[in-house]
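Below is one structure, written out as structure tokens; comments come after it.
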Amino acid sequence: MEYTKDQLNYFRICYIINCIAEGLRQVFIREWDSNYKVSLGEWEDTAQNGQDFYNNESKKPSYRRNRVHLRIIKKGKTEEWDCSCLFFAILFSYSIGSTISTTTRKDIEDLRQVRNDIAHISEATLTDTQFQNHVGIVLNAFKSLSLPISDIETVKNQKTFPTAEVNGLKAQAANLETKLQTAKSDFQDVKDAIKAKEDENLTLTSELKEAKEQMKCLTEEINLKVESFCLLTSNPPHKIILRRTEVSKIIGKMKALEERSNGAVSTIYLSGMPGCGKSQIARQTGEQFFTMKSGKSKSLTFVATLNAESLETLRDSYFSLAKKLGVSEYAISKLAIAELESADEIIRHLQRLIRQNTNLFYSWLMIADNVGDLVLVRSFLPQTGCKDWGRGQVLITTQDASAIPTSAPHTYHESLSAGMRLDDALQLLKEVSQIVFSHELAEEVLEVLEFQPLALAAAAFYVNTVVNHGSPNYTWKNYLEVCSRGERESTEKRLAMESEAYSKTMTTSIKMALKTFSDREDVLRQTFLLFSLIASDPLPIEVAVDFVRVRTSGNTDELIRAKIIKSTLITCLYNEDRSSGYLKVPTTVYKILKETSTSSFSEIVPSVCHAISAFHSLIESERGNLFQSPQVCVKLRRVTAHSKCLHNILTATFPDKFTWKKRLTSFITLNTIILWLSGTAAVCCDLSNPSDANLFSTSACELAVYSDGSVRANALTVHGRVLMMSCNHKISNQVFEKAIEIYKISDGVEHPKLSHCARHIEVLEYFEKALAIRKKTLGEEHTDVAESHNNLGVVYSHLAEYNEAKEHYEKALFIWKKIYGEEHADVAASYNNLGVVYGNLGKYSEAKEYLEKALIIRKKINKEEDAHVASSYNNLGTVFSHRGKYSKAKELYEKALFILKKIYYVGHKLVATIYHNLGIVCSQLGEYFKAKNYFKKARVIMKKSSDEVHSAEATSSINPGNIDNRLRSVMNTKYSKRKH
């Protein structure tokens, strides 16, 4: 039989359809391997491959519609899949269809359209135009899909077909027609199935209505069985100490919340570091809540503890709660075996079941204990302000205080990081250890363990175990020795081994908390890094903010401050005005940070540099207020301790100062490092700490050889001052000479720091030249001119040329009064200096007048507790002493002593001066025993600091030798009087 051209076109396109099927198989296998090679394995036409595909699809809503294809695919042999199966597997299956790219999908859709067009041809003919169009589409798709096209090109160009091949193609066409008819039949089946499902839904609606009626009856029956209950965590294996104060406060807050919430859920947050007793206080609160609520009436109440450490533990706790609330076993069992993918889905279902029954209770309390991720877990608890759950409250214990809302309605937050009250802590040690101890020794233990309940319980449990198992003479003193050796963690393990309530030691819990918070918040990671570099003293919060700001992004200073303060591992110490002043971490946290710091060398160097910069900024801003505020004195003393730790790190890390310069200047300027060292040394001088002053000033000078100008001169000046404190006058003079030369070259005018120099004649000449320059350029009445007069007055006083000093002080006073008025610190300083000079001239009436004016101004400006006020009292006391009015002098000295001891510390050199002066007036008053004690105290301080007091405001120049002479004189006087 002869075939027409159009028939041959049809036969050729049918052959190409075969090629499409083979190409689709390759695409399917390629997409499968791309998605499931790792999880389910490569596609190898095995029954397991088919089963994996079938499993993925059988749970989907489209299963019934695609079941014919899935039965074929389930065998796993792609050679048995026709185009319909392949198009379903690639385009419409969940396994592959949801993952293919847009380009691949378009290409497969084009092939599917060609196949469908051919299947719908009523006569087996195809014009040349139609044939070329279809072939072109197939070729483009194959090229895009990177499939071989040689067979298609061959058929495209072929003009005739052998008869057997033609017959085969016709059979395929008939097969395509049959499949089309089958598809139409399947479509009708689906329509019929939908109709049947609609009929089934009507039936189910009727059954649901009936089930609701049954549920109503069951609910009424359950209500008769529900009882009040209290589910709490297990007790530890030792005596429990009732923390009545904390529990009573929390119960009071809960009552207030309940009254204000008007039937809505309210939330109480208990936060704190690991081991602070959150869970135990929550447990005791739950007990008291249940006793209080269940005892008042016969109304139903319940307390339930939910382990909220993770969603999985929370899910399990909800299952237990559902059973206690009377949720049917059937509903619980059905949910337990349901194939839900995640814990949060199960929790949502459980909450719906539980919520129906919580309304049966007059009041309830859920304790969400040990919440790890508060943001995550909170959404799976009864929501604050919600009324769907009935009249209840949620108490949450967590370390994650950063996520606790601030001042939110229906909420209350109590931080427990401070630990136990003294009485409770002592009782815990006594009850658990079962040994006798002194109150003083117990308080020392409490200080070491920082009043933290878990630490105290572990320590007492350890001591009890040791005493009762081979060491009956073991005491708390022995325990403190163990802690001092750094072996405290080993003592904590015993309690953790024997207690379900304390599955982890406190040290382990803190390590985990540090890692969690550091991973979660970079601000805290950087703050903990800073604490690992510095001393254990409280840290000024502005230093931490400066440090973190440089090392993080996207945070304002206020936000950094808030994030740090909200951490449960960091304690904020507040100023008198309730502003945040210092940060401190508990001793355990500090030791862990020091021991476990994993910072690399590349991170330590820039972090130390950033810390240096932050401390330097604080020293520069606060040092001028050192003698005006006791708070500044305390702050700078702490800063020197932190700076010393940084200095130790640098010394241990780098062998010499050249290496400091080489390594550090990539992150901080050399001058900043030198100024930090010399500034810290100067503060140490002001605080009478010659040892640390020498440490810092020596390093500053060693590093300053790589610098020049005023920075180097400043380092030399400070070092010279330090040497003078140590009585190395010859070397200090040499250092001052170098400083003077550099100042002359670099500044060209007077520099105030030259007044520290010992070479007063040369400095005097220099200051006089500076005064002339300033008067010429600035005029007679300028603050800088007044400063020059004041500096000249200081130098003349050192030279004992008091009349010349008086003249310059008077000129300085005249200018400053004209500029500032009467009540100004510089005016007060001029009055004081004039008073001291008149005293040195023996004109005590004039001295008293000026000193009293200085005192009045200083008390107005600085209030009573100020170093300058104390200086005025001391200088006035000296004047009264010279006038023979010893009782009045003693009164003034005592006032000065009271202030200085509050501002500084007992061992400060200015305190020694007052002790010395008090010794003099007491000996004049015949109070020899007091005089002896005062001289002894002065001698101890001065021998310790090896210092000589040289002050423009102090009239006594004392040293250990002078004090010894005074003391011998007093002893001889006492002996002589006793003899007569």
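Along the chain as shown, residues are numbered 1 onward.
Yeah, the Cβs are placed from backbone N, Cα and C, and that goes for glycine too.
Unlike curated entries, TrEMBL annotations are predicted automatically.
Look at TrEMBL and you will find 166-228 tagged as coiled coil. For 786-819, 828-861, 870-903, 912-945, the entry in TrEMBL reads repeat 'TPR'.
Across the repeat 'TPR' (870-903), the DSSP tally of helix, strand and coil residues reads 31 helix, 0 strand, 3 coil. Broken down by DSSP into helix, strand and coil, the repeat 'TPR' (912-945) contains 31 helix, 0 strand, 3 coil.
Across the range of the repeat 'TPR' (786-819), the DSSP-based residue counts are 31 helix, 0 strand, 3 coil. Averaged across the repeat 'TPR' (870-903), pLDDT for the predicted model comes to 91.
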